[in-house]
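Engineer: Here it is, the structure in full.
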């Protein structure tokens, strides 16, 4: 049974944020081989886990690959497999390749054209390499995905008018507060999404930006870029009272802000409204915070309306991008099928070379002692014959194997025609048997 590429995942379309955070596979709680062991069934694996999707790429043999991934994934999160199954999609072969290329090109993102997903995919690939979880197929596939994403960016306008999740968050704040120049914002977390949010807040005219991060130095570095103020993480709740808008995007595995924490903050603010946007998955802010008076909490799923407006501007460019994806999916499929053909070509050449060497040995035995020049000439002649005799069959197989449906059939015919799977009978035995029949 030949190896194939499988992609098993869930995303913002198939699962709400509550489900996505339950089944998130972040770096701290999972290793690729901890979810799906590398063995005879699964030979390669990569995990992509972001705020909007969790996807597992696997190379393996047979339908057991999918069941093994689902079983390992749910177990890694301490959940039941039947709770995961309703939200999951499964792609195999060309569909898996196509889906990955769409993801890398940001055509499958909540915000089509956003640049973050490519960086997240590269990071996931780097970690998989470090853990020795990728081989020939995933290495080739991921590099191709990166080049497809580059083609989409350079040959279409998909990314030119793209918004990010951070942009959508700031747009939502502007709709609620209107003019931003009299309000202050706090960013919790100092990663890429926080940096983008700071950029958009500054452009919107926010009067002050605070940055709270577990690593104070990183928070101070980000705050310095935007003339903001860095806050020690342990002082977070003391300083929350200074902020009207809070955008949180940490990598925490459980809520860092709860309703009981905000009650005292509100009292010190004299119950002036607070606007929280939680763009982390798992969520940083307990949903119960939204039950407090004068507190407005939005999570990543609430940004869809802002995103939809932006999507309409880019549908035509997305259509051009999908054409590129289809073209590259076909090319990669041809390369993948060529891998299936390679063992047959190698076996055919080795068989021919064995026959040639056996015949050379038999001829030299009949001739008796020959000088080195004669021996070299005989070997060169046989080598040339092997090459020329194999040229047509190999060319034919390569040409026919590029046909997706017919390829495996021609491999099977070739292997039977040339006895490539007959390990018990040496190639020269067939020749001897035929000679014996002819002599009689």
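Backbone N, Cα and C atoms are what each Cβ position is placed from, and that goes for glycine too.
As annotated in Swiss-Prot:
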- 50, 51, 52, 53, 109, 114, 115, 116, 120: substrate binding site (BINDING)
- 51: active site, nucleophile (ACT_SITE)
- 99: site 'Important for activity' (SITE)
- 189, 190, 191, 192, 193, 194: NADP(+) binding site (BINDING)
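Quick one: where do these features end up spatially?
Structural biologist: Following the DSSP three-state reduction, the secondary structure of residue 51 (active site, nucleophile) is coil. Other Cβ atoms within 10 Å of the Cβ of residue 51 (active site, nucleophile) number 24 in total over all chains.
Sequence-distant contacts of residue 99 (site 'Important for activity'), defined by Cβ-Cβ distance under 8 angstroms and a gap of at least six in the same chain, are 7, 91, 108.
Proximity of residue 192 (NADP(+) binding site) to non-local residues of its own chain (separation of 6 or more, Cβ distance below 8 Å) is seen for 116, 119, given in sequence order.
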Engineer: Just going by other Cβ atoms within 10 Å, which of the binding-site residues 50, 52, 109, 120 has the emptiest spot?
Structural biologist: 120
Engineer: Note the Cβ centroid of 189, 190, 191, 192, 193, 194, the recorded NADP(+) site, then list each other residue of that chain whose Cβ lies within 8 Å of it, in sequence.
Structural biologist: 187, 195, 196, 197, 222, 249, 250
Engineer: Check residue 192 (NADP(+) binding site) against DSSP and tell me helix, strand or coil, would you?
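Structural biologist: Assignment for residue 192 (NADP(+) binding site) reads helix.
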Engineer: Could you tell me which three-state DSSP class residue 115 (substrate binding site) falls into?
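Structural biologist: In the DSSP reduction, residue 115 (substrate binding site) maps to coil.
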Engineer: Nearest to residue 189 (NADP(+) binding site) by Cα distance: which of the recorded positions 51, 52, 120 is it?
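Structural biologist: Closest by Cα distance to residue 189 (NADP(+) binding site) among the recorded positions 51, 52, 120: 51.
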Engineer: Take the mean position of the Cβ atoms of 50, 51, 52, 53, 109, 114, 115, 116, 120, the recorded substrate site. Which other residues of that chain put their Cβ within 8 Å of it?
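Structural biologist: So the additional residues around the site are 106, 110, 111, 117, 165.
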